[in-house]
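Sequence annotations record features per position, and here Swiss-Prot assigns disulfide bond to CYS35-CYS65, CYS103-CYS114, CYS199-CYS206, CYS232-CYS241, CYS272-CYS330, CYS368-CYS407, CYS381-CYS392. According to Swiss-Prot, the domain 'Ig-like C2-type' annotation covers 253-343. The domain 'Protein kinase' feature in Swiss-Prot is assigned to 610-943; the stated evidence is sequence analysis. Residues annotated as N-linked glycosylation site in Swiss-Prot: ASN43, ASN100, ASN151, ASN306, ASN323, ASN351, ASN354, ASN473, ASN502, ASN541. Residues or ranges marked as phosphotyrosine in Swiss-Prot (evidence: experimental evidence): TYR572, TYR589, TYR591, TYR599, TYR726, TYR768, TYR793, TYR842, TYR955, TYR969. Taken from Swiss-Prot, the feature phosphoserine covers SER574, SER759, SER993. The annotation signal peptide is assigned in Swiss-Prot to 1-26. Per Swiss-Prot, topological domain 'Extracellular' is recorded for 27-543, and the stated evidence type is sequence analysis. Residues or ranges marked as topological domain 'Cytoplasmic' by Swiss-Prot: 564-993.
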Amino acid sequence: MPALARDGGQLPLLVVFSAMIFGTITNQDLPVIKCVLINHKNNDSSVGKSSSYPMVSESPEDLGCALRPQSSGTVYEAAAVEVDVSASITLQVLVDAPGNISCLWVFKHSSLNCQPHFDLQNRGVVSMVILKMTETQAGEYLLFIQSEATNYTILFTVSIRNTLLYTLRRPYFRKMENQDALVCISESVPEPIVEWVLCDSQGESCKEESPAVVKKEEKVLHELFGTDIRCCARNELGRECTRLFTIDLNQTPQTTLPQLFLKVGEPLWIRCKAVHVNHGFGLTWELENKALEEGNYFEMSTYSTNRTMIRILFAFVSSVARNDTGYYTCSSSKHPSQSALVTIVEKGFINATNSSEDYEIDQYEEFCFSVRFKAYPQIRCTWTFSRKSFPCEQKGLDNGYSISKFCNHKHQPGEYIFHAENDDAQFTKMFTLNIRRKPQVLAEASASQASCFSDGYPLPSWTWKKCSDKSPNCTEEITEGVWNRKANRKVFGQWVSSSTLNMSEAIKGFLVKCCAYNSLGTSCETILLNSPGPFPFIQDNISFYATIGVCLLFIVVLTLLICHKYKKQFRYESQLQMVQVTGSSDNEYFYVDFREYEYDLKWEFPRENLEFGKVLGSGAFGKVMNATAYGISKTGVSIQVAVKMLKEKADSSEREALMSELKMMTQLGSHENIVNLLGACTLSGPIYLIFEYCCYGDLLNYLRSKREKFHRTWTEIFKEHNFSFYPTFQSHPNSSMPGSREVQIHPDSDQISGLHGNSFHSEDEIEYENQKRLEEEEDLNVLTFEDLLCFAYQVAKGMEFLEFKSCVHRDLAARNVLVTHGKVVKICDFGLARDIMSDSNYVVRGNARLPVKWMAPESLFEGIYTIKSDVWSYGILLWEIFSLGVNPYPGIPVDANFYKLIQNGFKMDQPFYATEEIYIIMQSCWAFDSRKRPSFPNLTSFLGCQLADAEEAMYQNVDGRVSECPHTYQNRRPFSREMDLGLLSPQAQVEDS
């Protein structure tokens, strides 16, 4: 069950759900329910000791709890709520009903303890506290309540915000109780390292590389007399710092009044510092000319090395309100007073002009985009161009504003986007860049007219001139017979225009010149208009033939280059990509450019500790080799690994692409159903990426090799072998036994363990028993329908993880899923080691080889790849699994007719080994409208339920068993046709016409 509150735990965030059931009853004897969400900042105390007494706070938010229509029984549903990862939540229900009540919590297929009690108002209270929210604890929580009057169900849906990476939050200060010291706190995931940065100088001169800077990696600071004091928190995402706001009475006041912004509920800290030759002076704080109340300030003093007295007076408020806004003035009997303006806001803001801006620059002009803004809290920002993101730097200005500049445009015309956000606000500003260029002119002529074409920016204008055959000068302007077509403009590029001259007898036999001009200059072309024959002749035949010769030579060289490149085909790129959505539509996204990220050397593994074996796969760009890695998982232990590498003559772009893939994998994290990164070798030699080794190869060949060993149930196997396998299925100490459905949900794992399972065995015993069980199962060398379901479930679970990490796979197929011990399957991306030139599954389309039969329509026809296009590919993968490795669309070649079939909504027939329910899932994955396809969390839930049902049916005649499938599916909620109508709706089963 979810981790309950523990004594003494410090929680960064507490979210409380309350559902209050009042005594008023409708005509149908249904209770009136009000669901409430209450957010808590809980930094000083832990959640209550018992889940029966959760915290309650102010500022409730109505979740609009309503009776669910068309549901069996009385079901109330609260609005879906998203919480941060590692948040702590309490689900609470108050029942205003006479008599005793009984209750039951149900979460992901499992019943959880429920202990109601009564409060002072004689209301029944049911609560559950979950600490440090993880992905496995997100889902639907059902509370079944039975009173003397009626029965009803309350449904809470809790999900984790789908952020690209973890969080790093700006630290803040708190006074240590009974001591003159400050505590620095940062609520971040993963847990940050907190450090104090002390500097003897102020502002820009206080650089961290300066010898005057002192760093202290501790959370409590007693040395509070320094000139510049900052607290910084750092984790995998980087570093965030907060400066202790200081008024120094010995410094000359700033030209503009210093300003400090805070949000309601945040702590306020202002330090007033003064130095004098003796101790005969004091400091006071005033807010709007009124002395601060006692308890909102404290003073410290010390003597410096030159025997001068240093006094500091802190003004602080533990949780500010709107009435704390105003001018805070620090006064001294020996120094001029100084003030600061403190502004308290309800929520964060970003103030800047968001109107789009257009710029025109010359080809070699130095230019930077810039955005000037005022924001609180500090923003996170990116610059984006052509779906690529670039680092964003900020610089503070004296007037409280900040500025961000982007100069790395490389004079590429187009649309540039500045995006900024903080915890409460978002801001986007668009820029358009045009490059001014002199027009370039091309000319052609026929028997009746001459035409000239030009591109340039700004829009060029045209003139035609007639040249005398006795003089090279062309001075006589032609105005009759000239027709200028309407100009077109390339997207964020040059203007393309043309002008045509209709021939007349007056100009035949003469040279004419067409000229295009704009503010950058003029370009001209000369044409000879001949009267005999339909074709014009260029005046200089030598130049004409020389041009033809150069063109032919260019064509020959280009052909040779194309032939050379054809062998190598296209530049290497990882199919797995992390995306950043930029708009409300899934189609508005760009791939995260990991070239700008730093590689974390903690992943570096000594290449001398690798002993290479055989080649597992080889392709146009690289190969994957089996190897033995010594000490990569545990000192003194060797394991088998798969090493991904480029071929010897890889160019710099391919090495850069492989390094980008490495950086992405380090950010991705690990999952049981993903081929996980174990380490890398990047120093002093070729780049090696070290992955988990899967001993049984890819799922496609695994299924094909097991066709003769397939049985629908274990009962068939026992009958066929006269129950000779029965001793194999005697229960091991760690086996899952029928009828034992009690589970525990661990906050740091997807795994489920029985309450009476392996808790009395050592780790070595458990590892030995598990290995022994796996070897016995694999010796059977059989494949069952439950195995197929388990494969489908595990792949969906892996894709659910990738969806949570904002990743798209783009080549999901059975050939890209690997099988290892225990029939565990793992999604991989070893396209580098696949020879797509000779693989018939990859078909030439445009200038690329693509896995056409696995691709969604939007990917095939529009080049759009989203998690929904991966769902389509997953449907094809399901078809592969339940046909035991048959190639999709059997007997249908990939030609123009195939593309028409896809556009017309054609679907494959039900595969031989699939049930009707599985086939319906396939059809829903193949919805032409991507919005009607199910999500991977829905697919995981449904397949987990199917797997549980199949398990019950298959083993009903067996006293003891060991499941072939890892039991991770048991932590999924049951699939409900009422709860997931979108998954099996007729709209998802039948394509739009």
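First residue shown is number 1, and so on along the chain.
Glycine is treated like the rest: Cβ placed from N, Cα and C.
Where Swiss-Prot records a feature, it is marked here on the structure.
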{"residue": "CYS103", "record": "disulfide bond", "CB count, 10 Å": "18"}
{"residue": "CYS114", "record": "disulfide bond", "CB count, 10 Å": "19"}
{"residue": "ASN151", "record": "N-linked glycosylation site", "CB count, 10 Å": "11"}
{"residue": "CYS232", "record": "disulfide bond", "CB count, 10 Å": "22"}
{"residue": "ASN306", "record": "N-linked glycosylation site", "CB count, 10 Å": "7"}
{"residue": "ASN351", "record": "N-linked glycosylation site", "CB count, 10 Å": "13"}
{"residue": "ASN354", "record": "N-linked glycosylation site", "CB count, 10 Å": "13"}
{"residue": "CYS381", "record": "disulfide bond", "CB count, 10 Å": "22"}
{"residue": "TYR591", "record": "phosphotyrosine", "CB count, 10 Å": "18"}
{"residue": "TYR793", "record": "phosphotyrosine", "CB count, 10 Å": "26"}
Item to complete: Name the one residue among CYS65, CYS103, TYR591 whose Cα is closest in three-dimensional space to that of ASN306 (N-linked glycosylation site); these are the recorded positions.
Response: TYR591
Response to the item:
Cβ-Cβ distance under 8 Å, sequence separation of 6 or more, same chain as CYS330 (disulfide bond); the residues meeting this, in order, are ILE247, LEU249, ILE270, CYS272, LEU283, THR284, TRP285, LEU313, ALA315, SER337, GLN338, SER339
Response to the item:
Over the domain 'Protein kinase' (610-943) the mean pLDDT stands at 79
Discussion item. Which one is it, among the recorded positions CYS65, ASN323, ASN502, TYR599, TYR793, that lies nearest to CYS407 (disulfide bond) by Cα separation?
Written reply: TYR599
Worksheet entry | ASN323 (N-linked glycosylation site) in three-state DSSP notation | helix
Item to complete: Look up TYR842 (phosphotyrosine) in the DSSP assignment and report helix, strand or coil.
Response: coil
Worksheet item: How many of the residues that make up the domain 'Ig-like C2-type' (253-343) does DSSP mark as helix, as strand and as coil?
Response: 3 helix, 50 strand, 38 coil
Worksheet, complete the sentence: Its Cβ having more other Cβ atoms within 10 Å than any other among the disulfide-bonded residues CYS65, CYS241, CYS272, CYS407, the winner is CYS272
Practice prompt. Can you figure out which of ASN100, CYS241, ASN323, CYS381, TYR842 (the recorded positions) comes closest in space to ASN502 (N-linked glycosylation site), comparing Cα atoms?
Written response: TYR842
Fill in: By Cα-Cα distance, the member of recorded positions ASN351, ASN354, CYS392 nearest CYS241 (disulfide bond)
CYS392
Response to the item:
Expressed in Å to no decimal places, the gap between the Cα atoms of ASN351 (N-linked glycosylation site) and CYS381 (disulfide bond) is 14
Worksheet item: Rounded to the nearest angstrom, how far is the Cα of CYS114 (disulfide bond) from the Cα of CYS199 (disulfide bond)?
Response: 55
Discussion item. Nearest of the recorded positions to CYS232 (disulfide bond) by CA-CA distance, picking from CYS65, ASN151, CYS381, ASN473, TYR591?
Written reply: CYS381
Fill in: Lowest local Cβ density (other Cβ within 10 Å) among disulfide-bonded residues: CYS199, CYS368, CYS392
CYS368
Discussion item. I'd like the Cβ neighbour count for ASN502 (N-linked glycosylation site), meaning other Cβ atoms within 10 Å of its Cβ, all protein chains included.
Written reply: 12
Discussion item. Quick check: of the recorded positions listed here (CYS368, TYR599, TYR842), which one has the Cα closest to that of ASN100 (N-linked glycosylation site)?
Written reply: TYR599
Worksheet, complete the sentence: Within 10 A of the CB of TYR599 (phosphotyrosine), the number of other CB atoms across every chain shown is 15
Worksheet item: Which site among ASN100, ASN323, ASN473, TYR842 has the most other CB atoms no more than 10 Å from its CB, taking these as recorded positions?
Response: TYR842
